[in-house]
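Enquirer: Pulled from TrEMBL, these are the listed features:
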- Ser120: active site (ACT_SITE)
- Lys179: active site (ACT_SITE)
- 28-64: compositional bias 'Low complexity' (COMPBIAS)
- 91-193: domain 'Peptidase S26' (DOMAIN)
- 1-64: region 'Disordered' (REGION)
Amino acid sequence: MSRPQPPKENIPSKPRVLAPEVAKSRSSKPSASSPSPSEPAAASSSAANQSHPHTFSHSHPSNTTYKRPSFFSRFRKTYTTLPSQVRTTARVLRFLVPAIPIGIFFSEHVFQVMWVRGPSMTPYLNEDYETMHTKSDMVLVNMWPWGGSGWPWERKRRLERGMVVTFRSPANPAHTAIKRVVGLPGDRITTRDPCMKTSQIVPFNHVWLEGDAEDPRKSLDSNTYGPVSVSLITGRVMAVLWPRWRLLNWADWERGVVEGDEVKMERPMLE
């Protein structure tokens, strides 16, 4: 049998005395019971979500998105910060770089300016060579009919007697020579020194090229290395640009060494 417990007496609580430092620190802390200004809104939102369990809150993203500047925008911005000398050089290169391939194509396939040196074509070219051995003529060469390699529009250009042409020398393929077309395929040519034969028939797809100099020792031409294949011809001289401008009319030239067509053959066409 349990002993009855005596009734509890209402013993007053002892007052708690805090040190001044502890009281000051506790007074500076916010009370847990006092809600912050944002707590009522959060509490109301939580209560609303609990009352409506199927209601969800959605956060809408901001409409302002970051757009990365383009390469040209960044390039222009960087360009404006460069020194003036660098910007001037860049402007010059902007026009010079595209012109380089155009110039190469023009000189290889359209027109080319060349210097004629030596006495082999005197007096037609380098008229004053006998008195001024250092003087050279600047000529304009049409490369369009012969420049390139096997283009369709280059195959139907005819060579004529009297034309002054440029070609890769058979004696030195790295050297470009200028001579006159004296004979076409089938022509019998009266040769000059140092050729061993007094006359020779030009074979098919070849031409006979000679210089205009009266002394054959001043010209290295077909009398030395024989007929030249038309595949070695690179252009036709059209005019003299300097020192005295004049057009070259090859149709009026007559060498007087062609005895006639020994063999009837068509005029050469570039193949």
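Placed from the backbone N, Cα and C atoms, the Cβ positions cover glycine too.
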Enquirer: For the C-alpha pair, I'd like the distance in angstrom between Lys179 (active site) and Ser120 (active site), rounded off.
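Expert: Pair distance, Cα basis, whole Å: 8 Å.
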Enquirer: What count of other C-beta atoms do you get within 10 angstroms of the C-beta of Ser120 (active site), across all chains shown?
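Expert: So the number of other Cβ atoms within 10 Å of Ser120 (active site) is 23.
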Enquirer: Do you know the mean pLDDT across the domain 'Peptidase S26' (91-193)?
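Expert: Computed over the domain 'Peptidase S26' (91-193), the mean pLDDT is 81 on the 0 to 100 scale.
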Enquirer: Have a look around Lys179 (active site) and count the other CB atoms within 10 A of its CB, chains all included.
Expert: 25
Enquirer: Does DSSP give Lys179 (active site) helix, strand or coil?
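Expert: It is in a strand.
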Enquirer: Report the DSSP secondary-structure composition of the domain 'Peptidase S26' (91-193) as helix, strand and coil residue counts.
Expert: 22 helix, 30 strand, 51 coil
